[in-house]
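Peer 1: Feature table excerpt (TrEMBL):
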- 28-296: domain 'G-protein coupled receptors family 1 profile' (DOMAIN)
- 12-37: transmembrane segment (TRANSMEM)
- 49-69: transmembrane segment (TRANSMEM)
- 89-112: transmembrane segment (TRANSMEM)
- 128-147: transmembrane segment (TRANSMEM)
- 167-193: transmembrane segment (TRANSMEM)
- 234-263: transmembrane segment (TRANSMEM)
- 275-297: transmembrane segment (TRANSMEM)
Amino acid sequence: MSVITTLALIQYYLTNILGGLLVIGVFGNILNCLVFLRKRLRSNPCSVLFAAASLANIIVMIYFIIPTINSLYNTPLENSNLIYCKLRLYIRNALLVISRAYLSLACVACYAQSSRNARIRELCRTKIVIRIILIVPIIWFIIPLHIPLTTTILNGKCSMWAGVAALYHSIYICFVAAILPTSIMIIFSLLAFKNLQQMKRNVRPISIPTEEKHTQNTEKIRTQQRDRQLSKMLFVQIVVYMCFTIAYPLNTLYNAIVLIIGGSKTMQRTAIENFVLFMTSSFLLNFYSTASFFVFLTSSAFRKELRQVFAFILPKPHPNLNQRRVTHTTALA
């Protein structure tokens, strides 16, 4: 079996696997929303931003995976419809960036919430966070307007113009998918970690009545534990994000440089490049959207809240029904 045939077969099976990722990802991200929007957590700005990112993940998976699987068995619509060709890449790019923006903003919120500066902490008020969440999609649907303008159908395939347009888009992808979010996540995560360490060192006992002191200390400890758990989830989420998404902008830049240089390619090289493009732009990005739920599962606080969500959703056996069963069993005995 040749390399071309092998790669095509692997891509075929991986594309079908995306269907399973869609089901798991949508279900997992819905659970993320239910957990982070619970009364005890939604007062924390990081929780609200996690829920917003999960909602964005659901939309981008549905929007991209279903047409991708359909293209295995039917002619891709983007290769015959110019309007859909222009909109598909544009909308998907905007949705992906929106999800990254919410995760980056969660890092900023974690830092602001742990700051000793009262003015900075004021930025974490729920009303402000909700306004930011609503503004982010508007911004990221305006910025990438170059995509529909430079995308067309060439040789029966939906693609971006070669040359300067492709290079500009690759630089744009590197900036919005790698440089900008990664820098924000790393910088503000380190600042948040520093603030949390200072908070631990600066804790001092206060002379107040014993019962009141015990109540305040218990509530403070619970709040601090919850905030630390959210911070840990955020840090793990950042690492996973970098592992699954960093390859996409690098591959986009490589493809743009190759288009500018020009030259002939062998069929084997073309097949390898197309397979790498599929892995970086389709499979790994959607795998990350699915993996966010399992990343959150690493937190004991998230698992505890998730159990309470299931306890609320799943029907509970009626106590009178159990009593009747016991009475009936006793009578038979």
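Note: Cβ is positioned from N, Cα and C throughout, glycine not excepted.
What TrEMBL says about a protein is an automatic prediction, not a curated fact.
Owing to the predicted nature of the structure, the values given are computational and were not obtained by experimental measurement.
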Peer 1: Considering only Cβ pairs under 8 Å, which range in 12-37, 49-69, 89-112, 128-147 makes the most contacts with the transmembrane segment (234-263)?
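Peer 2: Top-ranked stretch among 12-37, 49-69, 89-112, 128-147: 89-112.
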Peer 1: When you scan the chain for residues with a C-beta under 8 Å from the transmembrane segment (12-37), skipping those not six or more beyond its ends, what do you find?
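Peer 2: Hits for the transmembrane segment (12-37): 47-48, 50-51, 54-55, 57-58, 61-62, 65-66, 68-69, 72, 278-279, 282-283, 286-287, 289-290, 292-294, 296, 302, 305-306, 309.
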